[in-house]
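J.: Dumping the structure here so I can ask a few things about it.
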């Protein structure tokens, strides 16, 4: 890990064993948000990756409820794009589409407004962390229901032992930091 910006972000990630339930090692991104320099570095690193991987092909960044909302708008702003929200069920007005998913420590449902995108628009999904892949997989399913093209999913942290990347199938995935 030679990149100084990446080192800065990595130093800000904290670990909490047995949270929120026994057996889970929680990776806390709060210190990244608290430190404007490390937050800016995380956005720069993700934006640089997306510029190299996709150039100007991205139409929207989709932020996942709730910590994806912390990174999605800033990343979209950095790239000169709009940000759409994929929320937990019951949080969006108007007609929506819904998908169920399993989490590392529970179950849930996500939804998106039916008019959030036009068919064929290209989207990158962002969240703070990839664990089992359930949330990102559900987000990709929702975007597919709207006939959008998911170019890639990205996160700050990936928990590799939970193999969430595999759940995404053919959708490319990128993370800044990987932990067992």
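Any Cβ shown, glycine's included, is placed from N, Cα and C.
Pulled from Swiss-Prot, these are the listed features:
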- 2: N-acetylalanine (MOD_RES)
- 15: phosphoserine (MOD_RES)
- 30: phosphoserine (MOD_RES)
- 60: phosphotyrosine (MOD_RES)
- 66: phosphoserine (MOD_RES)
- 135: phosphothreonine (MOD_RES)
J.: From the Cα of residue 66 (phosphoserine) across to the Cα of residue 135 (phosphothreonine), what is the distance in angstrom?
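T.: The separation of the Cα atoms works out to 11 Å.
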J.: Hey, of the modified residues listed (15, 30, 135), which one tops the CB count within 10 A?
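T.: That would be 135, with the most Cβ atoms nearby.
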J.: I want to verify one value. Collapsing DSSP to three states, which class is residue 15 (phosphoserine)?
T.: strand
J.: Count the other Cβ atoms sitting within 10 Å of the Cβ of residue 2 (N-acetylalanine), across every protein chain shown.
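T.: Excluding its own Cβ, residue 2 (N-acetylalanine) sees 5 Cβ atoms within 10 Å.
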J.: Can you tell me the three-state DSSP label for residue 66 (phosphoserine)?
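T.: The residue in question, residue 66 (phosphoserine), is coil (DSSP, three-state).
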J.: Which site among 60, 66 has the most other CB atoms no more than 10 Å from its CB, taking these as modified residues?
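T.: Max Cβ neighbours within 10 Å, all protein chains included: 60.
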J.: Report the nearest neighbour of residue 66 (phosphoserine) in space among the modified residues 15, 30, 60, comparing Cα positions.
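T.: Nearest listed residue in space: 30.
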J.: Rounded to the nearest Å, what's the C-alpha distance separating residue 30 (phosphoserine) and residue 15 (phosphoserine)? Just drop the number here, would you?
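T.: Between the Cα atoms of residue 30 (phosphoserine) and residue 15 (phosphoserine), the distance comes to 11 Å.
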J.: For residue 15 (phosphoserine) and the residue listed as 'N-acetylalanine', what Cα-Cα distance in Å is obtained after rounding to a whole number?
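T.: About 22 Å separates the two Cα atoms.
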J.: For residue 60 (phosphotyrosine) and the residue listed as 'N-acetylalanine', what Cα-Cα distance in Å is obtained after rounding to a whole number?
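T.: The Cα atom of residue 60 (phosphotyrosine) is 30 Å away from the Cα atom of the residue listed as 'N-acetylalanine'.
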